[in-house]
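Only one structure is covered here, and it is reproduced in the block below.
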Amino acid sequence: MSTQSLYKVPSEIAANALVNDEQYKKMYQESIVNPEGFWREHGNRIDWIKPFTKVKKTSFDDHNLFIKWFYDGTLNASANCLDRHLENNADKLAIIWEGDDAKDQRTLTYGQLHTQVCKFANALRSQGVRRGDVVTIYMPMVPEAAVAMLACARIGAIHSVVFGGFSPDSIASRVIDGNSKVVITADEGVRAGRIIPLKANIDEALSHPDVNCVEKVIVMKRTGGDINWVEGRDIWWDSLMDTASEHCIAEEMGAEDPLFLLYTSGSTGNPKGVLHTTGGYMVYAAMTHEYVFDYKENEVYWCTADVGWITGHSYMVYGPLANGATVLIHEGVPNYPSPARLGEMVDRHKVNILYTAPTLIRALMAEGKEQFAGFDGSSLRIMGSVGEPINPEAWRWYNDVIGHEKCPIVDTWWQTETGGILISPLPGATDTKPGSATRPFFGVQPALVDNMGNIVDGASEGNLVILDSWPGQMRTVFGDHDRFVLTYFKTFRGMYFTGDGAKRDEDGYYWITGRVDDVINVSGHRLGTAEVESALVAHEFVAEAAVVGYPHDIKGQGIYAYVTLTKGSVETEELRQELRQWVRKEIGALATPDLIQWAGGLPKTRSGKIMRRFLRKIAANEVSNLGDSSTLADPAVIDTLIETRLNRSE
């Protein structure tokens, strides 16, 4: 890697950073050689009701798998985000909220947030929610979403947040899997000037014949729009809060008691409920937030992620609030009503740390830097990227136009399953290279293996695995532990398989190359190809479908569908649009195929297995070197697909 593409740590950052390069190397070495001692020390960064004495009991053996951290200690996640700050910082701003319309502004101090959470925790109890119950949250990006999460944590209920862009069918599958007794939603959401019918989506989801677990739906009034009302089931948020007590003692939870479920795409088509527990997750979310963003007291921190994704959980709610940060929450999207919105919000709220996604950076880049002519940006100190690998062009644009070449960029790699950041630069310690996630966080042991599971050393490429546990790791797939073992620990024995490929350069820096399984990454959000295929095949005119990702200028990966129609069906543009709307309704807008290519046949082996590598290459317009097609039952299919491909370069 040439020195021209190496960005040195700015001297003013290095002088005041939490750790420099020498300290990073020393701490990292200690965390690997003596994990017990390292995490014993750092486990005490949060408050424990009963202090832990046992630190780590873990095994990645697929026949005898166990993951336990701080496992004889007790604590409460809500108390760690709120109560611990009240003595000295009750009047400090916890949340600054800006609505879709910039005129809508609200703030909550730590004292006010504590009161709201205690009241809503009591409200949940009044509706029959008990410790260990699953509560589904389907909310817009409003402070009440964080209040609902923290209230669940306060009483030991398990929250399951569903992204507001998901369809009724997706909501229903998550409600059924979690066996939720209570759903929390709003009348409507507002996003980029559009009204999102949240309550109507919940009503449709709960009308699903297999949903019979939900007893109550709590509705927050966001817009005041007309909504359907089910007497005896539906209840207004405000009416519960009006009568709820402000006092609620935090439930004493075991470190390994569940904190939340979050569903992520699986390659089998059924979303999997990733289960995170309380102690290790809180330690890891708080520690990574402080070290990766070099967080300093009294800084304003803005993570643009939706609360429905793991980034919103770890780096908008639990991590920052455990550290006593002031968090900016934005209801809309940072490029509405114009691309200048992001810069306006940074300047308006004097944001010091910005954490956003490559897909947004690319969208802003496409609009041109003149959109930021009036942007000051002097408050910004650290910038982060999350959700997918950031391409070097977007990295440089982010650095130059938003960061004014003075803010270190932390390109973070992690997953829903990991609970927190695993590979990332540290602002005062790591010289950066555009497009590289660089080096592992403390306690994280990445490795590259070939397809046989042999570890490859030095500068090389392979499957990215992690060799030992870290505190933020998921513990199981809810209700399906066998699937957890099979998905993550059977492919490469004794290792956690990330599902991603990576390269390691001569400096030991990691470069994530993308998914190696059948999951695609659209705008930083993971979608299982099987899920989209299942939705397409459910249409009466579709006989077969194969879905792959392809390079997309804005979204990173777009969705490319090859569709074989039933006999007698006619390939028309109208049907193409109908199928796009069909998938949108079945799964949600995120899953809408960008391109649908009619396919008379698909490339299959003689055993009937679809050879996706050919489909990926054709979708990516890489048709000159497709590789060996001798195993195909009908190699001529390939020629036809190449001839009729849609993603041609001009």
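Here the Cβ of each residue, glycine as well, is placed from N, Cα and C on the backbone.
For Arg191, Ala192, Gly193, Arg194, Thr311, Asn335, Ser523, Arg584, the entry in Swiss-Prot reads CoA binding site. The ATP binding site feature in Swiss-Prot is assigned to Gly387, Glu388, Pro389, Asp411, Thr412, Trp413, Trp414, Gln415, Thr416, Asp500, Arg515, Arg526. The Mg(2+) binding site annotation in Swiss-Prot covers Val537, His539, Val542. The N6-acetyllysine annotation in Swiss-Prot covers Lys609 and is backed by sequence analysis.
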Just to be sure I understand the packing, how many Cβ atoms besides its own are within 10 Å of the Cβ of Thr311 (CoA binding site)?
25
Where does Thr311 (CoA binding site) sit in the DSSP three-state scheme?
helix
By Cα-Cα distance, the member of binding-site residues Pro389, Thr412, Thr416, Arg515, Val537 nearest Thr311 (CoA binding site):
Thr416
Around the Cβ of Ser523 (CoA binding site), how many other Cβ atoms lie within 10 Å? Please give the count over every shown protein chain.
20
List, in sequence order, those binding-site residues among Ala192, Arg194, Asn335, Gly387, Arg515 whose Cα sits within 10 Å of the Cα of Val537 (Mg(2+) binding site).
none
Neighbourhood of Gly193 (CoA binding site), C-beta criterion under 8 angstroms, separation at least six:
Asp100, Tyr336, Pro337
Euclidean distance between Cα atoms of His539 (Mg(2+) binding site) and Arg194 (CoA binding site), Å:
28
Where does Val537 (Mg(2+) binding site) sit in DSSP terms: helix, strand, or coil?
helix
Nearest of the binding-site residues (Gly387, Ser523, Arg584) to Val542 (Mg(2+) binding site), judged by Cα-Cα distance:
Arg584
